[in-house]
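To keep things clear, I will list the structure first and then write my remarks on it.
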Amino acid sequence: MTTNNSNDNNKRYGIIKQQLQQQQQQHHQQHEQHSRLVEMTAGCGAGFMASLFTTPLDVIKTTLQVDNSSNKTIMSTVKSILDRKGGVKNLYLGLKPTLVGQIPSWAVYFSTYTFCKELFTKENDKHSLLEKESPLIFMTSAIIAGAATSICTSPIWLIKTRFITQEMVGRQKKYRGIVHSMVSIYHEEGFRGLYKGLGPSLLGVLHVGVQFPLYEKFKSILKEKNKNKELGIVEIMIASSVSKIIASVVAYPHEVLRARSQDSSPDSPNRTYRGNIIQMFKQIVREEGWRGLYRGMGVNLLRVTPSCVITFTSYEYIKKFLSQNQNHF
């Protein structure tokens, strides 16, 4: 009798234990799903805020990048943009595709980056291959996230570039909207035409491969100096701006290569660029010198630094708000 009672108790204990494990697993899965949703929502909000504030500087930068005349300055470029029909509105050319591209870009980027970082950290903790919070983990996660984002959103950035450059003097204005642009490019240049500039974009993952490890490192340093207290807005601004400036200077030439490649439509002066990225690189250096690879970098730094500060600050605070109020959603 005692043996039967003991067996029954063991069975009940086993069932209860199994139920608890299932509940824990279910809770863990729900937590992970919520975390992914928080990352994506925070990324969307950050992209939206950055786009609204920095589109005019993006228009100036793109115009400088695709114009290979040697006498162009930031001020003369701004004047030529404002002198065209439309005036100040010209500074917001490409805002629609920018919003359409930026919002999913940051949603994909931040969620992929966080997922990869957590995955690699777990594997590293199991096998102790690298030190904790290794820069290699941050770099690899950033590169994978950057590549995924570039592949997903490349056609949108192509359309944004065409929207901006078709307004330049002597260009034919033929794109009326995002859908019309996509259909027109597909008919004239084929499916591959929608992915012009993807090669330089993938080369540009070097940018995030430098930026995100630096951002994480600066945050870690500032947190130590702050005695491990939560970072405030000033610390986030410092970490994001310094890491962005360094990464932008290191990886800038890919931006010029991408813009020239995306602008190589049939009626563009940049249609003369043929071949792969290396041949385009050599042609620019031969015809314009090394400075040609850094066209628009000054205005780019004026654009990306505040853009990065807005993006990362918005991201961190939206993420914090959603995490603290997860029971209300």
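In case you wondered, yes, glycine gets a Cβ from its N, Cα and C as well.
Going by Swiss-Prot topology annotations, L64 is found on the same membrane side as G177. Taken residue by residue, the repeat 'Solcar 2' (133-221) breaks down under DSSP into 70 helix, 0 strand, 19 coil. Look at the repeat 'Solcar 3' (231-321): DSSP puts its residues at 75 helix, 0 strand, 16 coil.
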